[in-house]
Each structure stands twice: as structure tokens, then as C-alpha cells.
Amino acid sequence: MRYADIVLPVPLPKLFTYEVPNEYHGTLAAGQRVVVSFGKKKLLSGIIFSLHNNKPEAYETKPIISILDDKPIVTLSQLKVWEWMADYYQCTLGEVYKAALPSGLKLESETRIFYNDEFEAETEMPEKTQQILDFLAAKKYSTISEINQFSGLKSCHHIIKQLIELDAVVVNEQLKGSWRPKTEVFLSLHNNVRNENSLRDAFDSLSRAPKQLEVLMLFLQSTGGVSEAMTGKEVLKKELASKAVNSSTAINELIKKEMLVQVKRNVDRLLTSKIENVQKVKTLSPEQDSALQETLKGFDENLPVLLHGVTSSGKTEIYIHLIDQAIKKGQQALYLLPEIALTTQITNRLKAHFGEKLGIYHSKFSDDQRVEVYNNLLNNKSYRVILGVRSSVFLPFSNLGLIIIDEEHENSFKQFDPAPRYHARDVALVLGQGFKSSVLLGTATPSIESYYNVQNNKYRLVELTTRFEGMMMPEIIVVNTREAQRKKMMQSHFSPQLLEHISEALSNKQQVILFQNRRGFAPFMECMSCGWIPKCKHCDVSLTYHKHIHQLICHYCGYSSNVHATCQACESPTLNLKGFGTQKIEEEIGQIFPDASIARMDYDTTRSRKGYENIISGFEQGEYNILVGTQMVTKGLDFDRVSLVGILNADQMLNHPDFRAFEKSFQMMAQVSGRAGRKHKRGTVIIQTSDPEHPVIAKVRSNNYAAFYQEQIEEREQFNYPPFYRIIHLTIKHKNQNVTNQAANYLAGLLRSVFGSRILGPQVPPVNRIQDHHLQRIMIKYERKASPSQVKKLIRDCINQTLANERWKYVQIVNDVDPL
Ligand code: ADP
Ligand code: ZN
Ligand code: ZN
């Protein structure tokens with residue numbers, strides 16, 4: 001094997017062939033990381049994809065510079081999934097590689113500027129240049145950003161260039177990896193004092209050093225007693241130090257006197273306290289048990305199972321049984337959840353059963369922690385079950401027996417940006433095929449696609465129709481806001497019925513959830529004289545008013561602007577806030593119920609690491625009476641005291657211009673209703689709408705998923721939408737609007753010559769300018785029975801032909817397969 005094809009983190013659609021130096025012959029394998037030089041000076045770390053003897057004809061190969069691992073860190077089954085993803089989602093292996101590994105495992109190159117020791121200045125230098133040179137001389141080497149920071153310059157490039165010409169510095173690419181093992185310092189009793197006599201002598205010698213004496217006593221206590229200490233038991237240094245004020249000097253003295261010794265050890269960042277009594281799995285109710293048996297039957301037929309169970313029916317208990325069985329068979333399990341549903345609630349529930357066997361993979365984890373989860377699985381250490389978000393489909397499993405995709409209908413399983421724009425549910429199914437794993441999709445509101453697979457016998461359906469212990473489904477009241485408005489009975493955004501129920505719930509010490517699927521205070525401002533609306537400078541969207549910071553903010557790019565006092569078009573001082581978001585609801589409900597304590601949960605309040613969990617645990621513990629929130633409040637939360645859920649504006653969801661709007665509205669309304677009345681008594685849901693007869697609302701009210709599905713599937717068939725047709729979006733982007741339009745028209749023309757009427761557009765997307773780039777979109781709709789890889793190859797050819805045109809060289813074409 002003299003050549004290696006290597007995956008590099010660059011957006012070029014190919015593998016790169018390098019030569020294997022003689023000394024590495026026979027020792028390399030696919031999945032190992034190597035360092036190679038790329039371009040003129042750049043060093044990159046990449047993954048060996050395959051090894052072979054075929055000398056490339058077109059170019060001279062460069063040798064691999066070094067090998068970073070003794071054994072592969074990416075398994076063959078992972079590489080297979082990567083390959084499938086690159087092909088299916090039309091991205092490069094390099095892009096998959098970037099998404100798949102935590103950054104700590106992807107060494108990145110950085111430019112280092114080295115001081116030349118032999119340099120002697122011949123002429124005097126400008127002051128700033130001399131300062132930078134002295135800085136480099138002292139440090140030996142540094143980076144551009146460090147030098148900028150040191151010098152206070154915006155850019156030091158011109159100075160570095162001069163220094164290079166003078167031979168004062170040498171520039172080199174170096175690799176840096178961010179992951180380092182974490183170390184802690186441990187203390188134990190020194191060998192010299194590990195017998196009673198010498199220990200007593202030691203105590204005597206400390207009679208005039210009371211602090212040291214105190215610390216030594218504390219140390220012995222911490223080990224659990226003298227005899228434990230004699231065996232060499234270790235104590236964490238910082239823990240001992242925390243037990244007495246100002247103890248560090250005393251500790252160091254004891255070390256100097258050879259009474260204590262310290263050692264540094266690598267520790268696990270995710271080390272959790274041992275759980276002594278793991279909880280046994282709960283006994284299932286007869287209905288749950290028969291659902292479990294049917295699920296196992298589906299697995300025996302090698303079919304994925306769709307578990308359609310109403311909220312609180314015990315789906316999670318069934319998952320726990322299945323995981324338990326998989327572990328007992330020596331297999332691994334993956335439990336996938338959308339980011340937002342991965343709360344302490346579910347983590348604690350699984351931890352109680354699986355203790356140290358449970359690994360968690362989460363975007364709120366630091367990269368170092370993610371590397372440790374990755375390595376734990378790779379080296380087959382403690383983890384048997386992974387509870388994780390979409391990126392956990394990239395982990396190095398070796399014996400994956402079970403995959404659970406909970407809340408399978410959730411859109412957040414799909415990655416929007418950057419590539420790979422993958423759907424974790426679909427990748428998980430492919431992952432499952434590779435391992436021949438059993439796959440379970442669970443939800444109270446199945447996606448149309450998954451239910452269609454049931455109808456076509458691709459999945460087996462298992463149903464749970466009642467809540468655990470006969471808890472009742474909530475009573476759903478639909479309130480006609482148009483009528484209430486006409487009778488002038490609305491109090492700001494609340495109908496009299498909703499206010500009455502809130503006040504009743506509050507006086508019964510029950511909790512209330514108010515759902516408004518829009519954040520901010522008001523979605524836009526408008527001039528009452530001329531209709532002018534403040535828009536983002538960089539995007540074609542109106543700015544949302546955020547009251548607490550009194551700013552207008554773009555929800556697409558984050559641009560913010562002061563609030564204008566007068567209209568920028570007609571100068572009249574008649575700017576008004578229109579519409580309403582969570583902040584406004586929070587403020588208004590606070591004015592109506594001044595004694596109620598209110599929490600708000602949306603993107604703005606949950607950005608910090610702990611924000612989300614604090615709100616949830618605060619609400620759980622009854623610190624708040626009312627929780628106002630966006631769709632975040634609809635996800636898999638389990639609250640005991642919520643008796644009322646109010647949906648403030650159902651029309652907003654239903655009127656969204658998208659063929660999935662009804663599906664999403666049904667799911668959101670049904671999910672948020674599921675939060676009402678979970679444990680003790682029947683809850684109430686109030687839906688405010690101007691269209692109470694709307695067919696989707698009728699189905700939510702009667703909790704009739706099957707009828708809802710039937711209506712939807714007929715519509716999808718009639719209008720050639722998924723699951724009957726597959727969709728690909730091509731988005732064309734460029735800073736110049738004409739260039740965008742011309743390239744889009746050209747590409748659409750090429751595509752039409754191949755696909756005919758399956759091509760729609762180009763059309764400006766709903767938001768047609770984002771971050772100063774003008775957008776056009778082409779939609780390709782093709783029959784389900786067509787071969788996806790054939791179709792995609794034809795599309796690729798058309799894209800390449802477009803980009804080959806000199807005028808459109810810098811046009812970006814973004815490929816979104818199965819867009820949501
Ligand atoms: P789902 O996942 O369908 O929403 P859960 O599994 O969360 O439902 O069940 C709802 C509540 O009922 C949870 O608090 C759960 O612990 C409890 N529960 C469900 N099934 C059982 C059972 N067989 N034994 C004891 N408690 C159960
Ligand atoms: Zn913007
Ligand atoms: Zn105006």
C-alpha cells in the first residue's frame with residue numbers, strides 16, 4: 001500500500017492522494033489521522049479513507065508528514081455512514097468530517113511567527129516594529145492574533161511582512177489541537193510516615209505549627225481514618241484545601257516535610273458520582289406490556305417500529321425496558337432526542353437506571369467533554385447507552401443493537417446550516433441498517449412521512465392510546481377571537497374565557513402555560529401614516545422590537561438598531577408596534593395578574609448555559625405560576641401542577657405559507673396540550689383563533705390523528721408533495737442581485753432541459769436577502785420511485801456547468817436535500 005486517499009476538511013468534492021513513506025508501510029489503516037501539507041504552506045490533519053497502490057496520473061503526490069494515531073479513531077462503519085451522507089446530502093466528505101468529529105480531535109493549522117535567533121539588526125527600526133520584535137524574541141514564537149493584541153494594532157500584517165524581508169522572523173504553519181486531558185492533584189500519606197511510630201513523631205514535630213497540624217488531621221479524616229491513610233488512600237488536593245481557610249501554605253509545608261506527597265493524574269471530565277442503587281425498571285401496565293411485545297415482534301421482522309403513544313402513555317418506560325434488554329445482551333443503545341427536549345428531567349430518569357453506563361452528548365457540553373464521550377465509546381470503556389442530540393449519530397459505536405428516535409416528528413433533527421444538511425432520523429435509520437440494530441421511532445404526533453411508511457408496511461405501527469393510570473386527556477376549548485373582538489371583549493390578547501380560566505387556576509394553586517410561537521416584544525413597527533416598516537440593513541426582513549433593551553433586532557443575522565422616533569420615510573412621529581411576541585404577553589399578563597410570578601422561556605432567555613434548566617426547574621418547584629413561551633414549552637416536559645394551557649394565536653401557525661404548516665400546527669397544538677393535567681386531574685386547553693371551524697383545530701380537539709393524517713396525505717398526493725415526491729432546494733447566493741438572478745436563470749434552464757416540469761422557479765425565497773447576499777431558489781420535485789443518486793448526479797452536472805462559467809465563479813449554490 002503505497003498511497004493513501006485522505007479526507008481533508010476542505011469544501012472540495014474529492015479525496016486527496018498522498019504517498020505513504022516507507023517507514024509506515026503496513027502500519028496504517030483507514031480511520032487514522034495523518035498530517036499532510038496542503039497548498040503552499042498549509043498543514044492539515046485528515047483521516048485516511050483508504051489505502052492502495054495506484055499512483056495518480058495527473059499530479060505528483062506529496063508524502064504524508066506524520067501519523068497522529070496508533071489505531072483508527074474513526075471506524076469503518078462510521079466511514080460508511082460518512083460516504084452515504086456525502087452522497088445523499090450532496091456535500092463533500094470533508095464537510096461530513098468537520099461535522100462528525102468534536103473540534104478537539106480535528107487539529108487545525110495556525111500560522112506561527114518564529115523569531116530568528118541569528119538575526120542582527122543593521123539599521124534602526126520604527127518603534128512599533130522594534131516592540132513587536134522584542135515581544136517575539138522573548139516568546140520565541142507567537143501568532144498573528146496574539147501580536148495584534150499585544151501591539152494594539154488592528155492588523156500587524158504589514159509589519160510582519162517587513163520582518164520577513166529582513167529575515168528577522170520565519171513563518172510556519174503548525175497544528176494545534178484543543179483537547180488536553182484534564183488533570184487533578186491528589187495527596188496521599190508519604191511513605192516515611194506510613195507507620196504508627198513515625199506518624200506520632202510527625203504529629204509531635206508539628207506542635208508549634210498548629211495550622212499544619214489541623215490540615216494533617218483534616219487529611220486523615222478525609223481518607224476515612226489513619227488505617228485508610230496508611231494504605232496510601234488519596235485525597236483531592238483542592239478538596240482538602242477547601243476544608244480550612246488559608247490552608248494551601250500548610251499543605252505545601254507538609255509536602256516539603258515529606259509527610260504528604262502529591263501526584264498529578266488525568267481525570268475524566270464527565271466523572272459522575274457513583275450511583276450505588278440503580279433503580280430497577282418499572283413494571284409495565286398490561287397495555288404498555290403488550291406494546292412492548294408488539295415492538296419486539298416488529299424488531300424480529302427487521303422492521304423499524306413507530307410507537308405512536310399519546311403524551312404520558314409511558315413511551316419512555318418502554319424505551320427504558322428496551323435499553324435494559326439491549327445492555328443485558330451486551331449491546332450498545334443510542335437514544336436520540338431533539339436538542340430542546342434533552343433536559344435534566346430525562347437525563348436524571350435514565351441515570352437512575354443506567355448510572356455510569358449512560359453517556360450524554362449535548363451541544364451545551366464543552367468540546368473537551370465531547371472528546372471524552374467520543375473516546376469512551378471508541379475505547380469501549382464504560383458507556384453502553386448514549387442519550388444525545390442529532391450529532392450523536394456520528395459517534396464511534398461498535399455494537400449498536402438499539403436506536404430510539406424519540407419525538408421523531410421534530411424538525412430540529414434536521415441540520416440547516418452548514419452542510420451536511422442532514423436529518424438525524426434518516427441518518428439513524430442508515431446507521432441502524434449498518435449494525436442491523438433494532439430501530440424505534442416514538443412520538444405522540446407522527447410525521448406524515450413516518451406514518452406513510454407504516455401504511456406501506458415499511459414500518460410496523462404500535463399504539464398506546466391511553467395515558468398512564470387512566471389520566472384523562474385534557475378538555476379542549478376553542479375560543480373565537482374574531483367574535484370576542486367584535487364584541488370588544490378581548491383584553492389585549494386575552495379572551496375573557498382564557499382570563500377566567502387563568503384566574504381559576506391561580507386561585508387553585510395550579511400552574512399555567514401560555515404558548516405564543518414568536519419571540520421578542522412586537523414582530524415589527526409600522527408607520528401609521530405611510531405604512532413604512534423598519535427593516536434589517538442586511539436582510540429582507542422586518543426588525544423585531546425587543547423591549548428590555550429597547551432595540552430593533554434582526555432574527556436572521558442579529559443586526560440591531562436603535563428605535564426611530566420618527567418614520568424614516570415620511571417623518572411623521574406615528575410609529576406603532578404591531579403584532580405580539582412572548583415578551584409582550586409576559587408584560588401584559590403581569591399587568592392583569594400582578595400577584596402572579598411569571599417566567600418566560602424563549603430563545604432570548606435560554607441562551608446561557610443554565611438559562612433553560614433554571615427556568616424548567618424553577619417552574620417544576622413552583623417558583624412560577626405562569627410560564628410564557630415559544631415552542632420550547634411544547635417539548636417533552638413533564639410538569640405535575642399544570643392545569644391550564646393557553647394557545648394565544650393558532651392562526652399565526654396555520655397561515656404560515658408552507659405545505660407543512662398544518663402538520664406543524666397540529667403537532668405543536670397537540671404537544672402543548674399534552675402538558676396540561678398530567679398527574680392529578682383533567683387539564684384544560686384553550687385555543688384562541690379567528691377560525692374556530694378550521695379542520696386542523698377540529699382534529700386537535702377530537703385528538704384524532706388518523707383523520708388528520710388522512711386529510712393531509714390526500715393533499716400531499718394531489719399537489720405532488722412528500723412523501724409522494726422528493727424535494728431538493730438549490731439556493732443561489734451572491735452579493736450582486738443581477739449576478740444571482742442570471743446564474744439562477746441559467747441553472748434553471750439547464751435543469752429544465754433535463755427534468756422538464758419537475759423544476760420550479762427560480763423564485764425569490766420568503767426572505768430574499770440575508771447578510772447582504774441576494775437569494776434565488778430553485779425547487780426540484782421528483783418522483784419517489786426515481787433513483788435519488790441518478791437524479792443528484794444530473795443536478796450536480798448542471799451545477800458544475802453553471803459554476804464553470806467565468807461570470808459566476810463566485811456564486812454560491814447551496815444544496816438542501818429533503819428541506820424542511
Ligand atoms: P411518555 O414518554 O409517553 O410521555 P412517560 O414514560 O413519561 O410517558 O410516562 C408518564 C409518567 O407516568 C412518568 O412520570 C412515568 O414515570 C409514569 N409511568 C409510566 N408508566 C409507568 C409504569 N409502568 N409504572 C410506573 N410509572 C409509570
Ligand atoms: Zn439581518
Ligand atoms: Zn411614514
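Backbone N, Cα and C define each Cβ position, glycine as well.
Not measured: the values here are computed from a predicted model.
Annotation source TrEMBL lists Zn(2+) 1 binding site at CYS527, CYS530, CYS567, CYS570. Other Cβ atoms within 10 Å of the Cβ of CYS530 (Zn(2+) 1 binding site), summed over all protein chains shown, number 12.
The Cβ neighbour count for CYS536 (Zn(2+) 2 binding site), using a 10 Å radius over every protein chain in view, is 24. Annotation source TrEMBL lists Zn(2+) 2 binding site at CYS536, CYS539, CYS554, CYS557.
If you take every residue in the domain 'Helicase ATP-binding' (296-464) and average the pLDDT, you get 93. Annotated domain 'Helicase ATP-binding' per TrEMBL: 296-464, in sequence order.
Positions annotated as domain 'Helicase C-terminal' by TrEMBL: 562-736.
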Three-state secondary structure, which DSSP defines for CYS527 (Zn(2+) 1 binding site): strand
Env. residues of Zn(2+) 1 site, Cβ within 8 Å of mean position of CYS527, CYS530, CYS567, CYS570 Cβ: MET528, SER529, GLY531, TRP532, GLN568, ALA569, GLU571, SER572, THR574, LEU575
Annotated binding-site residues CYS527, CYS536, CYS539, CYS554, CYS567, filtered by Cβ under 6 Å to ligand 2: CYS536, CYS539, CYS554
Shell list (Zn(2+) 2; ref centroid = CB of CYS536, CYS539, CYS554, CYS557; cutoff 8 A): LYS537, HIS538, VAL541, LEU543, HIS555, TYR556, GLY558, TYR559, ILE770, GLN771
Rounded distance in angstrom between the Cα atoms of CYS530 (Zn(2+) 1 binding site) and CYS536 (Zn(2+) 2 binding site): 19
CYS554 (Zn(2+) 2 binding site) to CYS527 (Zn(2+) 1 binding site) - Cα separation in whole Å: 18
Candidates near ligand 3 among the binding-site residues CYS530, CYS554, CYS557, judged by a Cβ under 6 angstroms: CYS530
Integer Cα-Cα distance in angstrom, CYS536 (Zn(2+) 2 binding site) to CYS567 (Zn(2+) 1 binding site): 15
Rounded distance in angstrom between the Cα atoms of CYS539 (Zn(2+) 2 binding site) and CYS567 (Zn(2+) 1 binding site): 20
C-alpha spacing of CYS527 (Zn(2+) 1 binding site) relative to CYS557 (Zn(2+) 2 binding site), in angstrom: 24
